[in-house]
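Asks: The structure's right below; bear with me while I get my questions together.
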There are 2 protein chains.
Amino acid sequence: MGQIIKGKPVADAISAALAEEVKGLKVKGITPKLTIVRVGANGSDLAYERGALKRCQEIGIETEVKELPVDISQDDFITELKKVNEDKATNGILVFRPFPKQLDESVIKYVIAPEKDVDCFSPVNVAKVMESDVTGFAPCTPSAVIEILKHYEVPMKGKNAVVVGRSMVVGKPVSMLLLNENATVTICHSRTADMPAVCSEADILVVGIGKAKMIDSKYVKDGAAVIDVGINVDAEGKLCGDVNTDDCVEKASMITPVPAGVGSVTTSILAKHVVKACKQQNNL
Amino acid sequence: MGQIIKGKPVADAISAALAEEVKGLKVKGITPKLTIVRVGANGSDLAYERGALKRCQEIGIETEVKELPVDISQDDFITELKKVNEDKATNGILVFRPFPKQLDESVIKYVIAPEKDVDCFSPVNVAKVMESDVTGFAPCTPSAVIEILKHYEVPMKGKNAVVVGRSMVVGKPVSMLLLNENATVTICHSRTADMPAVCSEADILVVGIGKAKMIDSKYVKDGAAVIDVGINVDAEGKLCGDVNTDDCVEKASMITPVPAGVGSVTTSILAKHVVKACKQQNNL
């Protein structure tokens, strides 16, 4: 019987270390600041925003929310984003996506200042993730996966890591980050011929495929660490991940729950990236 | 006993199709042009350049070589590169690397115009490779691997592809390209615990690790397609790949030789990218 590994202790450890770091920065007269750019007011953006603001405030990071009208034009949005880019007080920028239809993400992603882009919206940061350039910012969710594995002392070097899903928000970046930790990385997806066979070779199984409880115990090797990045709603209307936790916990050595798993760590990563951006911008 | 699959038939097929396409462009008054930017005159650059110029001329692509002094300053180099960016006649730019020490690649890569960057020097193209954005340009060598597999009708969808090596010139981009072809992709490297075990699960084995003849038959599954991207010099001073071809050809269904394998295809890919860039720039 494996251990359910929650996100909160990881988030708390990261936050505590950041709070110390921010104290040190304030002594030097520097206060890190996150500006959130939100178009309209959809529920999931607002929920994440509340969590992010609370986390930053705990740590001592200043915050600002720029709410823009849901029907803002592309030109006006770009003008507003450029103002945030140029705002000297702002070190990190989080832009909520997806956008309403009139805004073209494939254009806007080139506008955000890469050095303030704390959630890997800019192609410059995408390239840095692929190149293992530590000055860049990986997206918060895949970074949270790595922090959880490190916190619970799951060895990665030389281990078989299997990533289920090849999205740009989870699968591909987490594969690159696992590779940086010297894991042997396999990426599988909907077209993989025998996914249970591939997954059950994994010492570390990271799942982000967007299908409720798809991964059951036949995908899991005895003693594997299972990280569930999915967020779905099950038939009873309850939140659940991509992994059938009850079924897999028997074989896994460790498994993250949903809710209270990876999702609880992302705002701490966001805060960590803001502090990193602030230090880089101040040549510290 | 497997088949030795050479690069030349692949290169010839690509070139023949391109020559037709260029004819069509010339009817519209458009001639694609490649400009090569070379610093100094080292032997391997010159050898590749001769091949690239010959290939382009066969196809009808105009070429120009900008040779710059080996001691050129960073500022002067950037000025020269910007001139090529702005040259309306130039559709594709190839910049030879690595540079002499006074030139900082990490700065210069942001200068090349992404839409003319036919060998994936710009971070914009690195990001596009990761995002499977077909408007981008993957590096020529990994693209050549995919063209060879397609030419010899090696099925990729749902198959196990194992990539040995995680460099930015071969391993990582070829992994992304194989993923686009719907293969299940495993990336292994020097820290992989049991590389022969991992590799011998591969239906497609792509090797780019830079160690002469490292891969022998114990790394190869019966019937696998083996693509050798290595270029090394063996103890007798002869060119060889990362694969011990003689030993592996018994088990493989197909295997590329070195020389006369992947390396013979890269200049055709370069030409293909120049034509693609030209068409994109002319909204065709």
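Even glycines carry a Cβ here, placed using N, Cα and C.
Heads up, TrEMBL stuff is auto-annotated, nobody curated it.
In case it helps, TrEMBL gives these features for our protein:
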- B:5-119: domain 'Tetrahydrofolate dehydrogenase/cyclohydrolase catalytic' (DOMAIN)
- B:139-281: domain 'Tetrahydrofolate dehydrogenase/cyclohydrolase NAD(P)-binding' (DOMAIN)
- B:Gly165, B:Arg166, B:Ser167, B:Ile231: NADP(+) binding site (BINDING)
Asks: Need one number for the NADP(+)-binding residues B:Gly165, B:Arg166, B:Ser167, B:Ile231: the maximum pairwise CA distance in Å, whole number please.
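Replies: The NADP(+)-binding residues span at most 16 Å between Cα atoms.
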Asks: Sorted by position, what residues of the same chain at least six away from B:Ile231 (NADP(+) binding site) have a C-beta under 8 A from it?
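Replies: B:Ile231 (NADP(+) binding site) has long-range Cβ partners B:Leu239, B:Gly241, B:Val258, B:Pro259, B:Gly263.
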Asks: Cβ-Cβ under 8 Å from B:Ser167 (NADP(+) binding site), same chain, 6 or more residues apart: which ones?
Replies: B:Gly208
Asks: Near B:Arg166 (NADP(+) binding site), which residues of its chain come within a Cβ-Cβ distance under 8 Å, counting only those 6 or more away in sequence?
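Replies: For B:Arg166 (NADP(+) binding site), the qualifying residues are B:Lys172, B:Ile187, B:His189.
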Asks: Need the DSSP three-state call for B:Arg166 (NADP(+) binding site) to compare against my parser.
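Replies: It is coil.
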Asks: Which residues in the same chain, at least 6 apart in sequence, have a Cβ under 8 Å from the Cβ of B:Gly165 (NADP(+) binding site)?
Replies: B:Gly171, B:His189, B:Val207, B:Gly208, B:Ile209, B:Gly210, B:Val229
Asks: With 8 Å as the upper Cβ-Cβ limit, not reached, which of the binding-site residues B:Gly165, B:Arg166, B:Ser167, B:Ile231 neighbour chain A?
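Replies: Checking chain A against the binding-site residues, the residues within range (Cβ-Cβ under 8 Å) are B:Arg166.
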Asks: So how many of the residues in the domain 'Tetrahydrofolate dehydrogenase/cyclohydrolase catalytic' (B:5-119) end up helix, strand or coil by DSSP?
Replies: 57 helix, 19 strand, 39 coil
Asks: Three-state secondary structure of B:Ile231 (NADP(+) binding site) from DSSP?
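Replies: SS state of B:Ile231 (NADP(+) binding site) = coil.
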